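Straight from Swiss-Prot, the features:
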- CYS231, CYS233, HIS255, CYS258: Zn(2+) 1 binding site (BINDING)
- CYS244, CYS249, CYS271, CYS274: Zn(2+) 2 binding site (BINDING)
- 137-171: compositional bias 'Low complexity' (COMPBIAS)
- 181-216: compositional bias 'Polar residues' (COMPBIAS)
- 137-224: region 'Disordered' (REGION)
- TYR230: site 'Histone H3K4me3 binding' (SITE)
- MET241: site 'Histone H3K4me3 binding' (SITE)
- ASP245: site 'Histone H3K4me3 binding' (SITE)
- TRP253: site 'Histone H3K4me3 binding' (SITE)
- 228-277: zinc finger (ZN_FING)
Amino acid sequence: MADDTAYILSEYLQTLDNVPNETKHIFDEISVKEVAVHDIWKRIQAADSQIQSYIKSHGSLTPHPKEDALYSTIREEYQKAINIQNEKVQLADRARLGLTRHIKRLDDRLAKAGHGFTAAELLNAPDYYASSPYGGYSPSGASSARQTPAPSRSGASTAGRRRTSATTRGAIQNGVYHSPYTASLADSGSTRGQKVSNATATTQLETKADSTTPNEMVSEEDMEEDNEKYCFCQQGSYGQMVACDNANCEREWFHMECVGLKAPPEGTWYCEACRDQKLVDAK
C-alpha cells in the first residue's frame, strides 16, 4: 500500500511540471489588465480635473462648454475599468480551477488506492479530470465571491481532505504585480492538507491583455458552476472551509466562520452534529 501510494505521488508530481508556467501566464495577463485599469484611472482624473478647474475659475453656476462630453467620457472609462476588473476575476478563477483540478486528481487516486486499487490500475485508468469540469468554478462574477475549492466527496478518507483558503488579491508594489496563488499539498501538523498562497507574477507591458496560448490550462467546459451546498448554512463553497473527520458526515465541509473557527483546527475535528451523535451513541 505504501509503495503504491509513493508511486502514485511520484507520477502525479510529474504532471505538475507545466503548472508554474501556466499559472504565471494567467497572472501576467492579470498584471497587464491592472496596468490598463491604472491608465483608465489617469484619464478619468484628467477629465475630472478639467471640470474642477473650470468651476474654480468661473463658479459652479457656469457650466463647462464641454461638460456633457467630459462626463460622458468619464462614464465610459469607468465602464471599461469595470469590464477589465471582471476579466481579472475570470482569469483568477481559471488559475484556481486549474490548481484545484490537480489536487482533486490526487485525492481521487489516493482514495481509490485506499480501497484496494493498485497503482498500475489507477495510472492506466482513463483520466476523468482531463475531460470533465470537476472543479465546480465559474469565471463569472457570481462565483468570484466564493474564491474557494469545491470539496470532493470522493476524498472521504481523512488523509485525502484539504482545508482551503480564499484567493488573496495581489498588489502593485514598485511596479511589480504580486499575485499569490500556489498550493501547498501537505500540513504535517494535521490529518488534512492546507493550501497556501505564495507566488508572484511580474508585469509584462508588451503582453496583450487578451492574449492566449495554445497550451491553455483550463477549457471553457471546465468552468461550469458548482451547485453543491455545504455547511449548516447550505451555501456554496467560499472562503476557508474545513472538513469533518466523520467519514459519514452528512455535510462533510463547513465554512470556518459558520462553525466558529478562527484558525484551522489541529488534529481530528468533528462538526457539532457529529459530536452530538457521538455523545448519543456513547450512552
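Quick reminder: no glycine exception, Cβ is built from N, Cα and C everywhere.
The structure, with features from Swiss-Prot marked on it.
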residue : record                         : DSSP (3 states)
TYR230  : site 'Histone H3K4me3 binding' : strand
MET241  : site 'Histone H3K4me3 binding' : strand
TRP253  : site 'Histone H3K4me3 binding' : strand
CYS258  : Zn(2+) 1 binding site          : coil
CYS271  : Zn(2+) 2 binding site          : coil
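Each residue contributes its Cα atom, and for ASP245 (site 'Histone H3K4me3 binding') and CYS271 (Zn(2+) 2 binding site) these two points are 8 Å apart.
The Cβ centroid of CYS231, CYS233, HIS255, CYS258 marks the Zn(2+) 1 site; residues of that chain outside this set whose Cβ lies within 8 Å of it are TYR230, PHE232, GLN234, GLN235, PHE254, GLU257, VAL259, given in sequence order. Every protein chain considered, the tally of other Cβ atoms within 10 Å of the Cβ of CYS249 (Zn(2+) 2 binding site) stands at 17. Within 10 Å of its Cβ, the residue among the binding-site residues CYS244, CYS258 with the fewest other Cβ atoms is CYS258. Sequence-distant neighbours of CYS231 (Zn(2+) 1 binding site): residues of the same chain at least 6 apart with a C-beta under 8 Å from its C-beta are MET241, ARG251, TRP253, PHE254, HIS255, CYS258, VAL259. Here the recorded positions are CYS233, MET241, CYS271, CYS274; the one with the fewest Cβ atoms within 10 Å of its Cβ is CYS233. The Cβ of TRP253 (site 'Histone H3K4me3 binding') has 24 other Cβ atoms within 10 Å, all protein chains considered.
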